[in-house]
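K.L.:
Per Swiss-Prot, compositional bias 'Low complexity' is recorded for 137-146. Taken from Swiss-Prot, the feature domain 't-SNARE coiled-coil homology' applies to 164-228, supported by sequence analysis. Feature annotation from Swiss-Prot assigns S-palmitoyl cysteine to Cys238; the stated evidence is a curator's inference. Residues or ranges marked as region 'Disordered' in Swiss-Prot: 110-154. Annotation comment: Swiss-Prot describes 1-234 as topological domain 'Cytoplasmic', evidence class sequence analysis. According to Swiss-Prot, the feature transmembrane segment maps to 235-255, an assignment based on sequence analysis.
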Amino acid sequence: MDVLKLGYELDQLSDLVEERTRLVSVLKLAPTSNDNVTLKRQLGSILELLQKCAPNDELISRYNTILDKIPDTAVDKELYRFQQQVARNTDEVSKESLKKVRFKNDDELTVMYKDDDEQDEESPLPSTHTPYKDEPLQSQLQSQSQPQPPQPMVSNQELFINQQQQLLEQDSHLGALSQSIGRTHDISLDLNNEIVSQNDSLLVDLENLIDNNGRNLNRASRSMHGFNNSRFKDNGNCVIILVLIVVLLLLLLVL
């Protein structure tokens with residue numbers, strides 16, 4: 001299952017590298033930070049799968065070949081290159097040259113010795129036998145209860161890759177936030193321009209209305225001034241008396 005998943009991840013990595021090559025070589029464009037984050041995340045996941053799976057020279061060679069095809073220097077290729085570690089145990093003792101003799105009593109004792117033809121190769125026989133103890137179970141419990149040294153779960157290379165991926169993700173988030181703030185600033189400028197234009201038009205209309213009212217008041221004041229200077233002002237009392245007399249006559253006729 002891990003091998004199938006690793007093959008699928010390698011196919012995805014190959015597609016990403018081909019797309020990146022077309023972007024750099026054909027379009028002459030630089031990859032964005034999101035592209036770098038995606039590529040490094042894919043490389044990190046493949047490295048984890050290679051470390052978990054059984055050694056496979058074909059998949060390792062394919063991965064390193066795809067890694068070499070990355071066209072730009074935004075990704076440190078040597079940092080993501082996978083090198084198979086071959087563990088050799090030089091102190092391993094051949095089991096075929098050892099024989100066991102078991103003495104069965106209340107407890108079981110196992111003694112390991114070599115043949116006579118192998119004694120001349122090594123003078124002393126290494127102490128590989130288990131000494132007899134009255135309470136073997138207690139000694140086993142004590143050995144099991146001793147704290148084991150902690151094993152490193154993550155290598156420095158994986159830790160550096162994870163930190164670099166986190167930094168790139170933070171950079172992409174900050175870039176998206178900056179773009180959002182820029183769009184908000186542009187929208188606020190558009191709103192400001194629209195409000196200013198509306199206020200200017202309202203002020204112009206208000207000034208026109210005030211000017212019209214001022215002209216109307218000036219005409220009315222001139223008319224009143226002309227009325228005050230007319231002859232009707234001098235004969236106004238007589239006219240009022242005549243109007244009152246006519247009104248009285250009409251009342252008398254009606255009654």
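A Cβ is built for glycine as well, from the same backbone N, Cα and C atoms used for every other residue.
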K.L.:
For the domain 't-SNARE coiled-coil homology' (164-228), give the DSSP counts of helix residues, strand residues and coil residues.
P.N.:
65 helix, 0 strand, 0 coil
K.L.:
Looking only at the domain 't-SNARE coiled-coil homology' (164-228), report the model's average pLDDT.
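P.N.:
So the average pLDDT across the domain 't-SNARE coiled-coil homology' (164-228) works out to 88.
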